[in-house]
Amino acid sequence: MIKVLIADDSALMRKMLKQILESDPEIQVVGAARDGEDVVIKAREYRPDVVTMDVNMPKQDGITALQYIVNEEICPVLMVSSLTQEGAMTTFEALELGAFDFVGKPGGTVSSSSDMKKVAAEIINKIRAAAQLKNRVVKRERLARGQRQPVVKKKAPPRPGREVTKAVAMGISTGGPKMIYEVVPLIPPDINAALFLVQHMPPNFTPAYVKRLNEACQIEVIEARAGIKVEPGVLYVGSGGRHLNLVKNTAGDVIIRLSSKPDHLFIPSVSVMMESVLKVFSNRTIGVLMTGMGNDGADSMVNIRQAGGITIAESEESAIVFGMPGDAIKRGGAEIVVPIWNIAREIIRAVNR
């Protein structure tokens, strides 16, 4: 049984989260807190497996409460955030301070019963993932923080006009907003490849995600926009709610195209992005699949490898959730399997082959 403590100042939200969580017979809500002070006291008393944490609460906000729970190593914390730009900035601050991951608040933008079921499934799945990691999250976080390199200022902006000869197509999901910092900040600014990243997240969260990632990286990080000409030494991040596609124009330039066809469970989809990159770059594609639930991108890793490209999958040793990389490995789509703290090294080696 997974024991969960809910923290939210809204009685309606506490009730809604309780109903969602207890629809799973293996989850038990052991208590609820209405402010930051209350959740810290109850977390110490109940010793739950997971805490769901609202950000904006009276007396003591969720960010402050989070730091107490993380520093005392009580349990993983799942942030429950409003789907706004302001909510996104605070949520990414929480992830940097040690939160496990985040989910959008149920209600609000949910417009149908099918949407509600999708939101409920995401919350339950992330609670399950957090609970599985209760005893090893702290160890991994200590290791990750210890190995994280100092932020290096960008040495030089990308030089427009350079030909793009190789591409790195990266996919990540659950745990990704935090763990991606073990990879992309280590990529040098002179890397001779364009980089693409799909991270499953709500539309309003992408600008804040890109802003914080860009501040931590040596390479330029920008949100993928329709019509942008692709340059080497730049990381293009797929927008929430839009698929990231590539096309070649008549001049031979690689251009970004966006679409929002509801033909995949996730939008943006790792598979859509990887297949599009493969179509343009063929055997000069490097596929990278990291932590995440499900199998988005697994078949595309197989296709990249069969086309002569290089594929890198995160190992079970470091994966928050081994679903996506594990599926790629099972299908024979991973040439290289390493923990996340070695992925940047393997990307650089692959580009330089």
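Along the chain as shown, the residues are counted starting at 1.
Positions of Cβ are set from backbone N, Cα and C atoms, glycine also.
Taken straight from Swiss-Prot:
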{"type": "DOMAIN", "residues": "3-120", "note": "domain 'Response regulatory'"}
{"type": "MOD_RES", "residues": "Asp54", "note": "4-aspartylphosphate"}
{"type": "DOMAIN", "residues": "158-353", "note": "domain 'CheB-type methylesterase'"}
{"type": "ACT_SITE", "residues": "Ser173", "note": "active site"}
{"type": "ACT_SITE", "residues": "His200", "note": "active site"}
{"type": "ACT_SITE", "residues": "Asp296", "note": "active site"}
Spatial neighbours, same chain, of Ser173 (active site) - Cβ under 8 Å, 6+ residues apart: Gln199, His200, Phe266, Val270, Thr291, Gly292, Met293, Gly294, Asp296, Val321, Met324
Whole-number mean of pLDDT values that fall within the domain 'CheB-type methylesterase' (158-353): 95
DSSP three-state assignment (helix, strand or coil) for Asp296 (active site): coil
